[in-house]
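Here the structure is laid out as structure tokens; the discussion comes afterwards.
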Amino acid sequence: MDFSVLRNLISRYCAGEEYWVDSRTVYIGHKEPPLGADAYIPQRYPDNRIVSSKYTLWNFIPKNLFEQFRRIANFYFLLIFLVQLIIDTPTSPVTSGLPLFFVITVTAIKQGYEDWLRHKADCSINECPVDVVKEGTVERTQSHKLRVGDIVMAREDETFPCDLILLSSSRDDGTCYVTTTSLDGESSHKTYYAVPDTMVFKTEQEVDSLHATIECEQPQPDLYKFVGRINIYKESEDPIARPLGAENLLLRGATLKNTEHIYAVAIYTGMDTKMTLNYQSKSQKRSAVEKSMNAFLIVYLCILISKAVINTVLKYAWQGSADHDQPWYNHRTEIDRERHVVIRAFTDFLAFMVLFNYIIPVSMYVTVEMQKFLGSYFIAWDKDMYDDELGEGAQVNTSDLNEELGQVHTHVIMRCYMDAGHTFQKLTSDQHLPGLYVQVEYVFTDKTGTLTENNMEFIECCVDGLVYIPHAICNGQILSAASSIDMIDSSPGGDHREHEELFFRALCLCHTVQVKEEETVDSIKRGIHQGKPTSFYISSSPDEVALVEGMKRLGYTYLRLKDRHMEILNKEDEIERFELLHVLNFDSVRRRMSVIVKSSAGEYLLFCKGADSSIFPRVVSGKVGQVRARVEQNALEGLRTLCVAYRSLSLAEYEEACHQLSDAKLALQDREQRLAQAYDLIERDFILLGATAVEDRLQEKAADTIESLHKAGMKVWVLTGDKMETAAATCYASKLFRRSTQILELTKKRTEEQSLHDVLFDLSRTVLRQRSLSRLSVDCQDYGLIIDGATLSAVLKPSPESSGSGNYREIFLEICRNCSAVLCCRMAPLQKAQIVKLIKASKEHPITLAIGDGANDVSMILEAHVGIGIIGKEGRQAARNSDYAIPKFKHLKKMLLVHGHIYYIRIAELVQYFFYKNVCFIFPQFLYQFFCGFSQQPLYDTAYLTLYNISFTSLPILLYSLIEKHVSIETLKSDPTLYRDVAKNSLLRWPVFLYWTCLGLFDACIFFFGAYFLFDNTTFTSNGQMFGNWTFGTLVFTVLVFTVTLKLALDTHHWTWINHFVIWGSLLFYVIFSLLWGGIIWPFLNYQRMYYVFMQMLSSGPAWLGIILLIMVSLLPDVVKKVLCRTLWPTATHLAQSNRPCLTVEPSTIFVLSQSDGRLSF
């Protein structure tokens, strides 16, 4: 067994966690290590070929057929077709084989075309040119020929062909700037570093002379993690080991910017690159509609088997009489007489199964797939969901859950994540999501960048209790009035002067902001002030840019990072230089970042900024009370707060810190844990300087969207990593909490005063008492629950006093069910996923929807039934890996209340209609057996059996499922309560299914017995000729086709010329086909039983009258039912329809694209 395969699989699917499985050794330039070093062991790695295609020319047919016949419906019809081939059945194998062949062929062509496009894309990528350094010269080769260990030269604006370790750069400091838009959507320039020992190699000859090896982890998909080290060999010296991390790794798909060229070594190639590992196949999500379809299909399969059993039993009961067993016109053959009765009964059972198998609609699956695929384009073409600022509209990554958007159960969960840390996990997605819209009961949404704009504005800072308030600073924008603003509202005294300067210096130094002094950045003019180019700050964190800009307004300007020295301009216009020694990067666990710098005076300083909960416990001095009070006040106003502290290091302390960091960074195993331990030891004994306040305003119409979701019956939850006061202020601003809402707290502070058991039962009694009172009174109290992460852990933790898996869970869920909104604050990412999972697993099994804009939202989106990504400023991991992506949170309103609503109506009608028309189709065949001695004689001609579902009745329902609008778009947007009419899969419940089935049985009886009584009167044509059995069957089939088509016309509310063309065109096509089929002697047929049958039927006046009367009688019950329901039990939808002209005829714009932007007006 090849254990490397298993190792790679474990590494590949353990995203987000650092599992040490093995390491690889890369020989730079394929040079063997010198004698005395580690043994040279050549290793085999994949080439740089990218393969995203699924099939090859040789395996397409068998592999595609295998995948298609894994579907139960396809496999079932294959068995029926084989039975028709093996035994003598009443119908031709063509009747089952042709529809099956059509379905298989159409699906294979679609999948083959999509795979051909993937092949083309792969070839264009694999054949792109790449420069490789060989023997001191640059040679051009194709991308797929790259191997691990090759030294690659990349130029500005080129995309990296594989994962590379940066060796040197054209910049003097050994850095390069890179954009990772294609990976995570972040357009900001990120800085990557070469190790000091290799950055000195500037030419091809120098780079080629490098003698070194790289030890690193095996490939794993986390974009933000890399563990390795480089061993550099020099003559007569021991090898020098340097740590390598994510700051040294250039990922495939990233683009080199503002750097002339770089040299780097290939570390992961082809299918081992991180980008490729993040594009694995997605697991399947199934909508409630699909589950209902499968349940209905099982019912109809049982009906089919029952029909076959009943007819088989009755046949042998009928043949119990000698006269019936072998009539004079149908004697058995010798072979039939010799066959055992059990064999004959089983053969007859299979024959009846074949005869009645059309009750299972094979074409329904194809129609549903086409409806979902084509219907998804209407979301992408919707102009109302197009954002001019981003230049993008909604995106559909999976079309199979469209109808599920209309099934969001009456609860919405919002997620607020205030951390800037990034965690990336592979997200599963699926092609079965459209049906989830109308069924979602809970919506989990991110806050920063989702509810808010993620456009930070510096509001104020507090130093030792004194507040500094510049004018408004918009993230990344230098206002024209910058030179004339008031710097501060008060000046500190002499005793505070030192802390003030340290505070400003800390914010100018403790960040990862880059300075752009060019007039243009990527051909876009930026940083222009009064006609002159000025510095422009860019960073992956909008908070950092806002803080640095705020300091610039307060007199301290960050200038640049040059030669590992940071330069700032103080109030006296003096340039101060600090050597940047170490950066302790931010992570979501520590919730802080630090830098160690050395001043020009030789003093070592550690500056730290982070959340108040992570700074205050590490502070040993400073005006903690005054700063804490200001932080809490700002949090109540909904501002994002950070605390700033510092520590002066002695030389011994600095050397000890360097030793700890060096040991941790050089570790190949458990590097992150060891770094966390080192950070914990270094970041202590702080002196508190002050705090900052930054505002992230709500997005446009965010509050209106939440209010609409409330009116639609949804309950809103907020999951946030932020402090309770800030999150609560955001909830009030977004109308999640109202002023009349009574807030219930389930927090650590309260559980310290009371036991968790007592707090839970107190809250439970409160909400249950109110619920009992609300039954007696119209007015009821509105409750909102706030819970923090620590308490949630205690709630979810199994109780030692209970044998169950946590006896508090049900109490907690019961409290939540009786609250209109829930706020979960101070939550870790894992806890957010646990919340979603907890709600999904509750006894109601509600459908959940998650919405977010950053990589830290991926796990939440993964856990929910439907995932929606925001195309925002925190990258596009969520948008790329979600089921749907929208530009702004406000578009969620139309996505759910309009698209989800109408998609569910359409798909529900499609599913019920398919079963209805097949009952109408096959039940007369069942009744006919009672009149033909159970001889398995078909009622319909073979052509009618074959084309009924393929041609005569398929196109009208497909078009209905694409363009039907039972209520206008404006009405759905203005009246969110209409959403409740279709919630909880209401149109695909068993009572509705039974109604459609009974209606089909009633219509089928009308078709059959109406035609039977018409024939019972010995109807003759004008020339005295009597009708035969094929004329009888054709009469029934004609009434059937017209009735089921007109039934759909009666259900249509939105008429366009396309509806008229398809509905009336389908009926006309049936008539023309029947005339041609029965009017010509076809030479390829060995029988001509339908010759002149249709024309003979139409030549009879009673037949015309019978057809019209039977159609009217068949449609009457459904019309009466509609009238009674609208009159006696009207729903909100019925009332909305009565406020506008019914069956309005409107010009169709469905397939007309705007010439200006190529988008659909919908």
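Positions of Cβ are set from backbone N, Cα and C atoms, glycine also.
What TrEMBL says about a protein is an automatic prediction, not a curated fact.
If you check TrEMBL, you get these features:
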| type | residues | note |
| --- | --- | --- |
| ACT_SITE | ASP446 | active site, 4-aspartylphosphate intermediate |
| BINDING | ASP446, THR448, ASP853, ASP857 | Mg(2+) binding site |
| BINDING | ASP446, LYS447, THR448, GLU544, PHE586, LYS609, ARG640, THR720, GLY721, ASP722, ARG826, LYS832, ASN856, ASP857 | ATP binding site |
| DOMAIN | 43-96 | domain 'P-type ATPase N-terminal' |
| DOMAIN | 879-1131 | domain 'P-type ATPase C-terminal' |
| TRANSMEM | 295-318 | transmembrane segment |
| TRANSMEM | 349-368 | transmembrane segment |
| TRANSMEM | 943-963 | transmembrane segment |
| TRANSMEM | 993-1015 | transmembrane segment |
| TRANSMEM | 1027-1049 | transmembrane segment |
| TRANSMEM | 1061-1085 | transmembrane segment |
| TRANSMEM | 1091-1116 | transmembrane segment |
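Per-residue pLDDT, averaged across the domain 'P-type ATPase C-terminal' (879-1131), gives 85. In this chain, the transmembrane segment (1027-1049) touches the transmembrane segment (943-963); three or more CB pairs sit within less than 8 A of each other, excluding pairs fewer than 6 residues apart. Just so you know, the Cβ of ASP853 (Mg(2+) binding site) picks up 34 other Cβ atoms within 10 Å once every protein chain is counted. Calculated from their C-alpha atoms, the gap between ASP857 (Mg(2+) binding site) and the residue listed as 'active site, 4-aspartylphosphate intermediate' amounts to 7 Å. For the transmembrane segment (993-1015), same-chain residues at least 6 beyond its ends with a Cβ under 8 Å from one of its own Cβ atoms are 292, 296, 299, 912-913, 915-921, 923-924, 927-928, 931, 1027, 1032, 1035-1036, 1039-1040, 1043-1044, 1102-1103, 1106, 1109-1110, 1113-1114, 1117-1118. Of all the binding-site residues in the list ARG640, ARG826, ASP853, the shortest Cα-Cα distance to ASP446 (active site, 4-aspartylphosphate intermediate) is found for ASP853.
Put simply, ASP853 (Mg(2+) binding site) is 19 Å from ARG826 (ATP binding site) when counted between their Cα atoms. Within 10 Å of the Cβ of ARG826 (ATP binding site) there are 22 other Cβ atoms, across all protein chains.
Across the domain 'P-type ATPase N-terminal' (43-96), DSSP assigns 28 helix, 0 strand, 26 coil. It is 19 Å from the Cα atom of ASP853 (Mg(2+) binding site) to that of PHE586 (ATP binding site).
Sequence-distant residue pairs (6 or more apart) of the transmembrane segment (349-368) and the transmembrane segment (295-318) include at least 3 whose Cβ atoms are under 8 Å, placing the two stretches in contact. Simply put, out of 295-318, 1061-1085, 1091-1116, 1091-1116 has the most Cβ pairs sitting under 8 Å from the transmembrane segment (1027-1049). Long-range Cβ contacts of the transmembrane segment (1061-1085) within its own chain (Cβ-Cβ under 8 Å, at least 6 residues beyond either end) map to 941, 943, 947, 951-953, 955-956, 959, 1034, 1038, 1041-1042, 1045, 1048-1049, 1052, 1091-1095.
Only residues 6 or more beyond the boundaries of the transmembrane segment (1091-1116), in the same chain, are considered here, and those with a CB under 8 A from a CB of the stretch are 1002-1003, 1006-1007, 1010-1011, 1014, 1017, 1019-1022, 1025, 1027-1028, 1030-1031, 1034-1035, 1038-1039, 1042-1043, 1046-1047, 1050, 1074-1075, 1077-1079, 1081.
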